[in-house]
Amino acid sequence: MAVLNQRSMALCLLFAYTFGHCFFYTSAELQRFEHPTKVDKSLSFLVVGDWGRRGAFNQSQVAFQMGIIGEKLDIDFVVSTGDNFYDNGLTSEEDTAFEESFTKIYTAKSLQKQWYSVLGNHDYRGNAEAQLSPVLRKIDSRWLCLRSFIVDSELAEILFVDTTPFVKAYFTDAEGHTYDWRGIKSPKAYISNLLKEVESTLKESTAKWKIVVGHHTIRSVGHHGDTKELTKWLLPIFQANNVDFYMNGHDHCLEHISDSDSPVQFLTSGAGSKAWRGDIKGLNSEGLNFFYDGQGFMSAQFTKTEAEIVFYDVFGKVLHRWNMVKQLHQSI
């Protein structure tokens, strides 16, 4: 399970002593969780997104196959790329959808590991604060969802970024939806501070593999296509700081695109339940390596010198496999 760094834990204990509850203090510094590699110094995890539908739309079948692959790979944890509960997030900490869409669905032994999750736009349409609440971790200790945070295994540093507030349309044209912006008093200030944290985290990272997880696409040929705000603000930071992978959901498909201007690989895993068959825009297909418009998930395995990304369908069939090799010692 994740280990909260000493500074954040001290703050947590302080609040527990003062108020009788232990919750996480929000500061300019992103919370960092240490998650050790295996004894052989390797790391493996599954990635799934856009899933929470009480088992419907093949969510249960995807979960079953995740359990099989998770056992085969001896995974260390699971990453959720957001839109964790449909259609409109959770209503409260007591919402039965949490257990009916999560606890009772991902029951395989191999999936009883830490789940690291970000919020998606559908999660913001409900009670976003509920998903961030420590109360849910008391119901199911696997659950950990924060706006933005870091998971550090030394081998790989994974930066989870809250991408929903970047999208201007959610503020200017909500299309009848109500978004829970309670934690974001000033979107401009929030985004500005987050961009600074993203840049400093990536710049200071000494990890062999730099990975960023967010809900929204940066590059996609699927329904939503490229997210222009992320292309404008986040992508240049990734390119300048040698990010290896950006993993996301939002488009209900599986997808792999290579950046034309840097080593960044864009990996979409948003097919945890309802998929959008035939919904391919293909407006910008440059660098497209793989696209699948059905349900499934993704695995990621890392050593000091190699990374392997594999996409699976709802039956556990391998759809796409991609390998990357890094030098053990970079030349000066």
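A Cβ is built for glycine as well, from the same backbone N, Cα and C atoms used for every other residue.
Pulled from TrEMBL:
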BINDING   ASP50, ASP83, TYR86, HIS252  Fe cation 1 binding site
BINDING   ASP83, ASN121, HIS215, HIS250  Fe cation 2 binding site
DOMAIN    44-253  domain 'Calcineurin-like phosphoesterase'
ASP83 (Fe cation 1 binding site) and HIS250 (Fe cation 2 binding site), distance between Cα atoms, whole Å: 7
Cβ neighbour count (within 10 Å, all chains shown) around ASP83 (Fe cation 1 binding site): 29
Cα-to-Cα gap, TYR86 (Fe cation 1 binding site) vs ASN121 (Fe cation 2 binding site), nearest whole Å: 10
Cα within 10 Å of HIS215 (Fe cation 2 binding site) - qualifying binding-site residues among ASP50, ASP83, HIS252: ASP50, ASP83
Most crowded position, judged by CB atoms within 10 A, among HIS215, HIS252 as binding-site residues: HIS215
Rounded distance in angstrom between the Cα atoms of ASP50 (Fe cation 1 binding site) and ASN121 (Fe cation 2 binding site): 10
Number of other Cβ atoms within 10 Å of the Cβ of ASP50 (Fe cation 1 binding site) across all protein chains: 30
